[in-house]
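I have placed the structure first, in the form of structure tokens, so that the comments after it can refer back to it.
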């Protein structure tokens, strides 16, 4: 299946009322389901809604996704992202470092969701994410 076809399927899955548009509420619900602060929906609409009608059409959604760098470039840059989160340079990301990174990125995720996410992705159960665990999450999320 082509990447664009996958994106279209995701769009339709988020579009709960099947009206062909993503509303703030639909985007916020989707974000909440994956553990991201629903307020990020406002930022997504602001950056994606080209005709300023307060909702995102399939065309606007696909155009925004087409502007993203190719997947290979994205994966190659994840090490830089990991290192920017790993403030103490330990080679591991603590829950505190992750929380600080998310807050400075405008994502205020509740502590319970953050702990649950960390528990799910901390495969060796040492309380921190190493780069391999981080990359495994990225690869699973951005297949």
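Just so you know, glycine gets a Cβ as well, placed from its N, Cα and C.
Between the candidates 4, 25, 26, Swiss-Prot assigns the Ca(2+) 1 site shared with 15, 17, 19 to 26. Cα of residue 55 (Ca(2+) 2 binding site) to Cα of residue 128 (Ca(2+) 4 binding site): a distance of 38 Å. Close to residue 128 (Ca(2+) 4 binding site), meaning Cα to Cα within 10 A, are none of the binding-site residues out of 15, 17, 51, 88. Between the C-alpha atoms of residue 133 (Ca(2+) 4 binding site) and residue 51 (Ca(2+) 2 binding site), the distance comes to 40 Å.
Under DSSP, the residues of the domain 'EF-hand 4' (109-143) split into helix, strand and coil as follows: 22 helix, 2 strand, 11 coil.
Note: the Ca(2+) 4 site is recorded as 122, 124, 126, 128, 133; in the same chain, 92, 121, 123, 125, 127, 129, 130 also have Cβ atoms within 8 Å of that site's Cβ centroid.
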